[in-house]
Structure formats: C-alpha cells, structure tokens
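Listed features, source TrEMBL:
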DOMAIN    A:22-380  domain 'ABC-2 type transporter transmembrane'
TRANSMEM  A:21-47  transmembrane segment
TRANSMEM  A:166-191  transmembrane segment
TRANSMEM  A:222-241  transmembrane segment
TRANSMEM  A:275-300  transmembrane segment
TRANSMEM  A:312-329  transmembrane segment
TRANSMEM  A:359-380  transmembrane segment
Amino acid sequence: MKEALKIARKELLTYVREERILLMVLMPLVILPLLMNLPFLLLGHYYQQAENKQQVIAIKGVPQELQHLLQRAKFVVQHSQNPRQAVQERQADVGMVYAEGRYTIFDRNSILNQQRSVATERTREVLQQYKEQVLLERLQSHGLELADLEPFAIEIQKTISEQQQALGLLAMLIPFAVVGLVISGGQAVALEATVGEKEKATIEALLSAPVAPWKLLLGKGLAVVVAALFSAFASMAGFALGNVFVRHNFSTQIEALPTDIRVQMGAWALTSTDLATIFFTSVLFAFFVTSVMLALGIFARTYREANTYLSPLEMLMLIPFLLFAFSDYVQVQDWFFAMPGLGVVVAIDTIVKGSYSPWQLGLTWASTLAYGLLVLFFAFRNFSREDVVFRN
Amino acid sequence: MLTLNTTQTQLAIEVSNLKKVFRKRDGLRGPIKEEWALKGVSFYVQEGETYGLLGPNGSGKSTLIRILSTLLTADGGTVRMLGYQLPEDETRLRRKMGRVSVDAAFYKKLSPRENLLYAAQLYGLEPRQAEKRAMQILEQLGLESRRFSDPIEEMSRGMQQKISIARALLINPPLLLLDEPTTGLDPKSRRDVQAFLEDLRAREGTTILLTTHDMAEAERLAHRIGFLAHGRLVAEGTAEELKRRAGTPDLEEAFIALTGEELDEEADSL
Ligand SMILES: Nc1ncnc2c1ncn2[C@@H]1O[C@H](COP(=O)(O)OP(=O)(O)OP(=O)(O)O)[C@@H](O)[C@H]1O
Ligand SMILES: [Mg+2]
C-alpha cells in the first residue's frame, strides 16, 4: 500500500510538472465561472443602464393624454414625421405611430435578438395602462367594472422541481460537467502513467523493481482517479463560488435582468446530501473511466495509438449527451441507469432535479462498479503480460 | 591481463540452453511469424567475475539481459542466479540485481534526485540513506552535485547515463546487469564509468554481466568474453584465448573471424 501511494504521488507530480498546474487551477476556478457569469453580468449591466437612462420616444398621431402618460414614465417625447426612421437612425430609442385605430411600436433590436428593447417594453406597459384607462371609462358608462371582463384567470406552471428551477442552467450543466471533466481530467495522467512510461522506456526499470504488478496498477489508478475527481469537483466549486460571488457583488445588475433570464442564470441550490451523492457517483464513474484508460494505455504502444483508441470511445460518451439534450421528449427508462456512462449522466441528472429513486441510483452504482471491475481485470491482465507490455 | 581470484567458485549466473521467441502477426490476419532471438544460449559467470557479451546489432544481447532482469520470460532453458531460480524466485532476485540499459530512461520532468528517490522507494530503501549513497556515487562518476535538482531533460546523455548507473547501484546489488552502459558517451565519460566499475568491483566484489560494442571496453573490464551472433553464443573465453583461437592480433578481428558468415551458417545448421 505504501508503494502504491508513492507511485500515485510520483504520477501526480509528473503531471503537475508539465506546467499544467496553472491551467488546472485557473480553468475551473476562474475561466469557467467567468464564462458562465460574464454574459449575465453584461446583460444585467445593460438593462440597468437602460432603466436609468431617459428614453427618447419618437411619436406621430399620438393623443395628448397618452403623451402625458409617456412623460410620466420618464420618456422624452419627440414629435417626428417618420418615427420608424428616427429609431433606425438611432435618434430615438423607440417609435410609436397611431393610425386608423392601431398603435405601432418600432423596436430597435436586431432580428437576432429575441428580447425586445427596454424602451419597447416600457412603451408597451404605458400603452397597456392607457388601454385599461380607456376601457374602464367605457365600461363605467355602461355600469360595468374591469373585473367583469375577466371571468377567470389563466396560469401556466412548470412542474419541474423547485430545486431544478432554482438551479436554472446549472441543472443542465452539472451532469455534463461532471461526466465530461472526469473523463478529460483523468486522461492526461492515465496516458502519462502508461504509454508515457513505454515511450520513455521507464517502464523497464519500473517492472524490474520488486513491486507487485497490482500495486503498480493501484498506484497509477489512484493518481488518475484523484486527477479526474479534482478536475470535476474543482469545476463544481468554481460554479458554486462564481455564482455566490456574482450574486453577492453584482446584485443590482442581476436585479435589473428580466425575470426569465434571471431564472436561467440560476443559483447554487444543491444540498450537501445531493453533493455527497453526486460525489459518490463520480467516484465510481472515475474508477470505471480510470480502468478503461489504464487498460488501453497499457495496451497501446504509443500516445498516438492510445489516442486512436480513446477518441471513438469519447465519441460514444457523447451519445448520452445527445439523448440528454432531448430529455423533454425521451422517456427515461430504468435500463438507462445500467448503461456505462449513460447511467451516470441520467443518475446525476435525477439527483440535480431532486427526483432520484434509490433503486435507479443503486442500479447505476452497481453497474458502474461492475463495469469498472471487469475492465480493471483486463487492465491487470495486460499489465502482467510481457507480450502486451513489450509489444513491438 | 585480467585474472579472477579463483578461491570463489560459486556461480553468480548460470544460464543453460536459454531460448526466446518473439511472435509477430503480419498485418491483421496474416500468419504469425516466429523470430528466435535466443536459440539456446548457455554460459556461467562466477561470483565477482565480469563477463562481457559482444555481439552485432540484433544478436540478442538486450533480450538476454531482459530475461535475466525478469522483464521477459524465457521460452526454454534455465536461469539460476545467486542461488535463485527464474522465474520462481523473481521477486527475491529483483532486490539483488541492478540494471543499466542503453537508453538511460527517466521521468524527464523530475530531477535526478526525485528520480533516484522514486527508485529507492520502489526498492523499499530509506530515502535519506538512499540520497546520501546516490550523491556519493554521482560524485565518484564526476557529476557535479549542484545539478542534482535540475530537471533531467536539461541534462546531456552522458550525465543521464551516469545517473542511471547510480540508480542501479542504490541498492548496492551483488549482481549488476549492464546493457551497453557506455554507448554514446564521450571518451572521458566512458573512462569515468569504466574506472568506476573497476573500483566498485574491487571494493564490493560485484558480479557484472556487461554487453558492449566496444572491444577495448570488453578487454579492459571483462575477465571472460562471449561472442553472441544470431541468438547463439559462438565463442567464449578470455580476450587472449579468443585472439589466439582466431589467430588474430586484436579482438575486433577475432570477433569478425569468429562471428563471420560461414560460422553463422554452421551454427544455424547444427
Ligand atoms: N519486444 C520485441 N518484439 C519482437 N521482437 C523483438 C523484441 N525485442 C527484440 N526483438 C527481436 O529480437 C532480436 C534480438 O534483439 P535484441 O534487442 O536482443 O538485440 P541486441 O543484440 O540487443 O541488439 P543491439 O546491439 O542493436 O542492441 C532482434 O531481431 C529483434 O528484432
Ligand atoms: Mg541491445
């Protein structure tokens, strides 16, 4: 066991020496959170500015009463022969024309932008207010109230769990991130510890040392598992810390965001039990991935060969992601939970959504462990066979 | 001429009828090709003796050394070393053998110090003592100790080879297997290494099996020399004996004469 730890330590040291340590820390803790949050912050900043700014509205044919309402809503009202052109030429933030019983609002945003501009939204609100005012006057002349026009209310509610709603985009991202980062995080160490030793011929000195093959494998495996889990959970920490940091320091920008965008941004809403369950699932997955990589790494003669084997496997791993992207239309079956890789994705997905069942989780855990042990057996067999280790 | 104090009669290495075949498939479906790298090699090395193996490229020298160092298993014949049998006692034997190969293989990102300590840990040595011993050896080999912590990838081949020798000697092994230890070294480094080996042998009585392409090195270091060609030991004896048998004044000509074409074919048809 002591030897295995020494071996693991050396593998990690070699890995860290490759000047990857900076990337290993910067990537999950700085770059990822930045990429996640910067768009929201910029958008929030823009909305905030737009809200405080006096908006210019170009109008034509608009009645006096509505003009007053617009002014009260902090609009600078400009009369124009062609409000549409005024908006196009950026002389006004929004335009409004009244003709033949129809109000037309001219929005400035490009066709690619799904959102309407802040000025447009505000104009619409004013117009709605004016409409209700006119309506009320007419109703009252007939002895009716506004409420008489709405005999019942309509509401649409999402059935997804509160936790999933609270997590927003994070709910979608976490299963991707954990599975993807466990794979990519372990790979460099696994290859360095296997084909790397072959290419540098250090494997001869290693194998002629009085250390049992299973201890060598254990040491190397330990290093790969640690690197894989570090990569996945440093990123999770990055998501969580980034989210908390942004919410704490940029609350005004976030408040300024329209509700639907704010919901997307999400908040770190995982309980510690969820985290522990995800961690345990990831440990098993990392064990499986490590076995696969060591088995292939020992079999391959060169880095290039190892990559030839690993690339299609990684492509296979993308299939769950595809399925996952269509999750609104695919009915998740129990057997999904027993598939290698796919099981882990759906399992973590259910944990995140707060809708997991012990039976399904157990299926994923047991199957992942079984696959891992099976592949480990091959890795071990490869490792003790000279015609594999010294393939020429 | 080198002579061995023959009061020691125990054998450190006893190899008999050793065979090794490499099987290779031609393409994906092709027939399996067999290549016999060793076709029945027998020799012995006495305790404290230095035995030199000379042979052209591909004659099977490295394969022989790899079998003795337990990396490969033989396909025939027997190996006894230091009273142990291969492959049964391989773990015990590993603790008693040091090995240096042609290409000094190291973890390039680690310093010599870290490489040596890692090796020491694999052999269960106490790190502090291992370090002290490594420093001593490197100093004797003429390596400045201030370079001890630089990354190994910044070092010349000669320096790396010296560190590789230090690594093999960390465990102070009674048996040393050297596969072309001086190939690629400059004359000065080569002499450093040779002098070190002579000194080591005198001090510790280490048994050495050495392969080389360098006739002068074989003459200087080896008590006895074996000529290996195409997986067979074609001649064996002291340098003087070999030269006498070939009727040539120097070892290189004896080598060419004794491993020449006719001799190969004769040996193969036996
Ligand atoms: N792992 C291997 N797989 C297949 N064939 C091998 C392998 N190792 C060695 N051989 C073959 O065995 C033969 C002996 O090789 P070996 O490396 O022992 O020669 P050598 O005497 O050390 O040569 P050199 O002087 O070039 O080092 C060669 O024909 C080589 O092609
Ligand atoms: Mg060789």
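Residue numbering: from 1, along the chain as shown.
Here the Cβ of each residue, glycine as well, is placed from N, Cα and C on the backbone.
Between the transmembrane segment (A:21-47) and the transmembrane segment (A:222-241) there are at least 3 Cβ pairs closer than 8 Å, counting only pairs 6 or more residues apart in sequence, which means the two stretches are in contact. Two recorded stretches are said to be in contact when at least 3 C-beta pairs lie under 8 angstroms, sequence spacing 6 or more; the transmembrane segment (A:166-191) and the transmembrane segment (A:359-380) fall short of this definition. Within the same chain, residues 174, 178-179, 182-183, 186-187, 190-191, 193-195, 198, 217, 220-221, 224-225, 228-229, 232-233, 236, 306, 308-310, 313, 340-341, 344, 347-348, 351-352, 356, 361, 364-365, 368-369, 371-373, 375-376, 378-379, 382-383, 388-389, 391 sit at least 6 positions outside the transmembrane segment (A:275-300) and bring their C-beta atoms closer than 8 Å to a C-beta of that stretch. Tertiary proximity for the transmembrane segment (A:222-241) is limited to same-chain residues at least six positions away from its ends with a CB under 8 Å from its CB atoms, namely 4-5, 7-9, 11-12, 15, 24-25, 27-30, 32-33, 36, 170, 173-174, 177-178, 181-186, 188-190, 193, 268, 270, 275, 278-279, 282-283, 286-287, 289-290, 293-294.
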